[in-house]
Amino acid sequence: MENREDILRLCGQSGCQYRENEPLKHYTSFRIGGPAAVMLFPKSTEEVAKAIRLLHGQCRLFVMGKGSNLLAADQGFDGVILLLGQDFSRIAVEGETLICEAGATMAKACQAALENGLTGLEFSWGIPGSVGGGAYMNAGAYGGEYKDVVAWCEHVDENGTIGRFSGEELEYRYRRSVYSGKNYCITKVALKLQNGDPAAIQAKMDDLLGRRKAKQPLEYPSAGSTFKRPEGAYAAALIEQCGLKGFRIGDAMVSEKHSGFLINAGNATCREVLELAAHVQRVVKEQTGFTLEREVQLLR
């Protein structure tokens, strides 16, 4: 950043802790990515709002949670990352509703639901993302999606103003929401659940996690399903049909366990993953006529 000293001064004024040249590979499930020029660690919605008001228009800003649907560039990010992490992960229970700070993991939310005998969130057990990320992209699995449980989201817009969208205003559809393409930072998510039997909830969570372990390459770094499901087909089936299971470029590889996953089989680079994804898309299009759209977000 050309105005680095000015940006660091503004970061200091925000009240947030920050670090310079922080390796993004330590914050993404792909374990790939160069340094972020600056990484901020806010602890409240008010700190997020203040940081955005100070930095808006001064530098590039990007909000991160668990980095589980993210591929970071090898050269890193020449801007400021707002990381909603462990210090932004409190969960409160209000009747049948969980009020989750955006940095809370989906696993933590599922555990809170189980402990309070609340059902409806089991589908997300085992998804390695944050609640904020799940609400942003309408994460889903095994017949459930975030659109089924989100009552409202609190956010900070690009001008630093705190606001809220109701479930209807979120305009959820497949892996998208009203936030898609907006420079908003989700700070809290209300998950509306139902009273249930803790034993039945635990049994369903165990069943779904067992299915994940059996079918998905959880032993390798990845960003989960790399491609969105095309209309009328399944990405993994198309990729396998084209004989691409196990195909690799460098250390980026199509998983032999689940063809829908591109994995980091060693020390893969962002460039290798992108080249592999493009190759898969090209071959699938040529051989089947289906177009695969990448689900994983690119940060560069």
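The backbone N, Cα and C atoms fix where each Cβ goes, and this holds for glycine too.
Automated prediction, rather than curation, is the source of TrEMBL annotations.
Here is what TrEMBL says about this protein:
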ACT_SITE  ARG175  active site
ACT_SITE  SER225  active site, proton donor
ACT_SITE  GLU295  active site
DOMAIN    31-196  domain 'FAD-binding PCMH-type'
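Feature map: annotations from TrEMBL on the structure.
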{"residue": "ARG175", "record": "active site", "CB count, 10 Å": "18"}
{"residue": "SER225", "record": "active site, proton donor", "CB count, 10 Å": "20"}
{"residue": "GLU295", "record": "active site", "CB count, 10 Å": "18"}
Euclidean distance between Cα atoms of GLU295 (active site) and ARG175 (active site), Å: 8
The residue listed as 'active site, proton donor' versus GLU295 (active site) - Cα distance in angstrom: 7
